[in-house]
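S.K.: My structure is below; once you've seen it, I'll send some questions.
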Amino acid sequence: MALSMLSSIPNLITHTRLPIIIKSSSCKASPRGIKVKIGNSNCEEIIVRRTANYHPTIWDYDYVQSLRSDYVGETYTRRLDKLKRDVKPMLGKVKKPLDQLELIDVLQRLGIYYHFKDEIKRILNGIYNQYNRHEEWQKDDLYATALEFRLLRQHGYDVPQDVFSRFKDDTGSFKACLCEDMKGMLCLYEASYLCVQGESTMEQARDFAHRHLGKGLEQNIDQNLAIEVKHALELPLHWRMPRLEARWFIDVYEKRQDMNPILLEFAKLDFNMVQATHQEDLRHMSSWWSSTRLGEKLNFARDRLMENFLWTVGVIFEPQYGYCRRMSTKVNTLITIIDDVYDVYGTMDELELFTDVVDRWDINAMDPLPEYMKLCFLALYNSTNEMAYDALKEHGLHIVSYLRKAWSDLCKSYLLEAKWYYSRYTPSLQEYISNSWISISGPVILVHAYFLVANPITKEALQSLERYHNIIRWSSMILRLSDDLGTSLDELKRGDVPKSIQCYMYETGASEEDARKHTSYLIGETWKKLNEDGAVESPFPETFIGIAMNLARMAQCMYQHGDGHGIEYGETEDRVLSLLVEPIPSLSSE
């Protein structure tokens, strides 16, 4: 089938100019080419390369190095500790289960839950142990039932969908009277995104809540509730980047009638102090990036240090994980450069050489590489070995084999896509996906992340890591499909392989609109798998599972309004400013 498809290609990509190699007997230089001397002959080979015309970074070195926060020092540390001591007793004083759940929900959405993980776990354990008693506090209360369901599932407790059966009528449909409870409907909608495969009740709940929440917005409902409903319908809470959600929710919470001023002050101060930590990480990485000179030497590629750092903040923002953010930023930045080598600049012969060198992981094998690839490989080799050296010091483990395998697999997947491009081959959707969940770089990111946060490192986890456990696969799949929704048209214009949308159109004859709907459907189905594998007993620590989930969330954040990684303006610029540059205005009581 693959061979038969080589002869045909959709009109969508036939206009793309292919990179070509011209052997010039007259030895004239092409203004679009690079002249390379061929042996001792008088002729030169002119390699005409593609260009993606990426815009230079808007975040220059001097600007990044100038970022400073006022929220550092002993005064703020003492104030934060005092607020933390004030908040902790709240978790012990609330006794009613619904009050406990509401407090936990607020702490999570404000982004300060990580200070109280043990207390939250103790409360949820108590609630779960009483779960099957069907106490009066939740009976016939859609809001309470949905909130309990969402929080327990989010924290890995096995809660059945049947808990919502009592809200159905004799026909099996959700009761019409529920539509009057907009707060409960919103909570039901958010809870439905914690579903796993085969849960028809949760699918039914999502459709029911979505439909009636949309109608509710047309009515005169509470303004603050309407803001939360619009926000949820745009993207559900379970799919949102936690740090960005915290920044949004702090503003929303400040306007609520039930706002607790101690919680609000704590959330604002913690956000600003953590932002100061992120700025320190960012300045450190800016110095590293400048020292590599890759942005200068490989000017065909995207210079996206800030965006790559933003990814790491989205994946793991807590202040104690600075080393993870810094090393992950190196990984992300190298991925971006190498991706552009394969997608934009390299010839087929060069790409095959580079893939072989990465697979062999031998600096003595890189002599045949062109100079730009030597720089690229050495940066990759040195950064990876630096991380492996740190792991050897800290854990006594030799992890190079795991890291190099991940990079080798990535480059091989890039090479396959390059072969598809040069042969003008459009794969089936399944064939595309079976390769592209690796080429999106999720496995590389997550394999490195495991070694950056896991302690201890277990044999079972290493085995699961090597064969790419499902939690890695599903997270990477969501990353791939979200990327395709946001970038496919731009990438086709600059001469990339067809993405999932075009593969589905070519295979089925569907319209672009229908293909996009199908891709969105696949994202939803993959989230169900990720929910399931994130909740079952796992060889991985909770922190790593959170990273895998957050990588999927970050993908939907970055590609929600287009190519948020490659295009720096608009939403991405606003997010960088709100998360990494601008502190939240202080309360007058600070």
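Each residue, glycine too, has its Cβ placed from N, Cα and C.
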S.K.: Among 54-58, 339-343, 349-353, 364-368, find the range that Swiss-Prot records as motif 'DDXXD motif'.
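M.R.: It is 339-343 that Swiss-Prot describes as motif 'DDXXD motif'.
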S.K.: Count up the helix, strand and coil residues in the motif 'DDXXD motif' (339-343) according to DSSP, in that order.
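M.R.: Per DSSP, the residues of the motif 'DDXXD motif' (339-343) fall into 5 helix, 0 strand, 0 coil.
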S.K.: What kind of secondary structure is D483 (Mg(2+) 3 binding site) part of, going by DSSP in three states?
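M.R.: DSSP assigns D483 (Mg(2+) 3 binding site) to helix.
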S.K.: For the binding-site residues listed here (D339, D343, D483), tell me which residue's CB has the most neighbouring CB atoms inside 10 Å.
M.R.: D483
S.K.: How long is the line from the C-alpha of D339 (Mg(2+) 1 binding site) to the C-alpha of T487 (Mg(2+) 3 binding site), rounded to the nearest angstrom?
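M.R.: Per the Cα atoms, D339 (Mg(2+) 1 binding site) and T487 (Mg(2+) 3 binding site) stand 14 Å apart.
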S.K.: Whole-number Å distance between the CA of D483 (Mg(2+) 3 binding site) and the CA of D343 (Mg(2+) 1 binding site)?
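M.R.: The Cα atom of D483 (Mg(2+) 3 binding site) is 15 Å away from the Cα atom of D343 (Mg(2+) 1 binding site).
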S.K.: Could you tell me the C-alpha distance between D343 (Mg(2+) 1 binding site) and T487 (Mg(2+) 3 binding site) in angstrom, no decimals?
M.R.: 13
